[in-house]
Amino acid sequence: MTELKLIHIFTDGSCLGNPGPGGYGIVMNYKGHTKEMSDGFSLTTNNRMELLAPIVALEALKEPCKIILTSDSQYMRQGIMTWIHGWKKKGWMTSNRTPVKNVDLWKRLDKAAQLHQIDWRWVKGHAGHAENERCDQLARAAAEANPTQIDTGYQAES
């Protein structure tokens with residue numbers, strides 16, 4: 001059995017307004033090589049961008065990997081590590097019997113995460129963590145670039 005590649009992934013989401021124009025930023029490191037990704041949407045929320053960033057990163061990987069995924073989003077980390085299990089048991093309903101917000105992205109993140117061994121880590125945002133700061137720059141630049149792409153999942157919830 002071959003050993004899985006160890007990939008370090010850093011993600012961040014940004015939104016100007018919430019809702020408003022938004023973007024995500026990703027920095028991926030593997031054996032000294034760095035790949036950056038970002039994209040923006042015309043109308044979305046900060047939480048949707050915080051979820052979309054790890055989804056895009058994980059979906060970009062072509063094989064199962066061992067991943068250390070670092071984000072400044074407690075919402076994303078708590079959701080994928082803790083809340084999602086109850087949501088799935090309850091048919092994607094919260095403990096208050098209301099539909100889970102951003103369910104389209106939670107389902108995508110859950111599916112993308114299944115292929116990998118992931119250590120979900122949290123870092124305080126805007127605290128000088130180099131990769132997190134870079135993700136923030138990428139996400140903010142994508143949100144500020146007058147994006148025209150539509151976040152169809154957000155539009156459906158409006």
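Each residue, glycine too, has its Cβ placed from N, Cα and C.
What Swiss-Prot records for the Mg(2+) 1 site is E50, D72, and among D12, D104, D110 the residue it adds there is D12.
The least crowded of the binding-site residues D12, D136, judged by other CB atoms within 10 A of its own CB, is D136. In this structure, the binding-site residues under consideration are E50, D72, and the one with the smallest number of other Cβ atoms within 10 Å of its Cβ is D72. In three-state terms derived from DSSP, D12 (Mg(2+) 2 binding site) belongs to an extended strand segment. Rounded to a whole value, the Cα-Cα separation of D72 (Mg(2+) 1 binding site) and D12 (Mg(2+) 2 binding site) is 7 Å. The residues near the Mg(2+) 1 site, meaning same-chain residues not in D12, E50, D72 whose C-beta sits within 8 angstroms of the mean position of the site's C-beta atoms, are T11, G13, S14, M49, A53, S71, S73, M76, G125, N132, C135, D136, A139, in sequence order.
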